[in-house]
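Annotated in Swiss-Prot:
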- 19-37: zinc finger (ZN_FING)
- Cys19, Cys22, Cys34, Cys37: Zn(2+) binding site (BINDING)
- 21-31: compositional bias 'Basic residues' (COMPBIAS)
- 21-59: region 'Disordered' (REGION)
Amino acid sequence: MSKGTASFGKKNKRNTEMCRRCGRQSYHKQKNSCSSCGYPNPKMRNPGSIKARRRRTIGTGRMRYMKRELRAAKNGHKGDPILRTLWAKN
């Protein structure tokens, strides 16, 4: 069997699947580990460089919860119904 173009056509099985912890397509089925977050190790895998850390830090995704919290904090949590009821009691 040759080791060139002909053998590359046979590489059609998938080795990676979605990771349970980080959700990326980097969980290797044969190695049973995620190349992105290090799952199943209890500690998260540390990205090597500062640039890589910047890519995956807080503020790079959708930030559904944080966006709402930052806006509410800026306005003094005036629109929060739970806090409004607490202030009404006092």
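The backbone N, Cα and C atoms fix where each Cβ goes, glycine too.
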Are there residues at least six beyond either end of the zinc finger (19-37) with Cβ under 8 Å to its Cβ atoms? List them, or say none.
44-45
Hey, of the binding-site residues listed (Cys19, Cys22, Cys34, Cys37), which one tops the CB count within 10 A?
Cys34
Using an 8 Å cut-off from the Cβ centroid of Cys19, Cys22, Cys34, Cys37, can you name the remaining same-chain residues around the Zn(2+) site, in sequence order?
Arg20, Arg21, Gly23, Arg24, Ser26, Tyr27, Ser35, Ser36, Gly38, Tyr39, Arg45
According to DSSP, Cys37 (Zn(2+) binding site) sits in coil
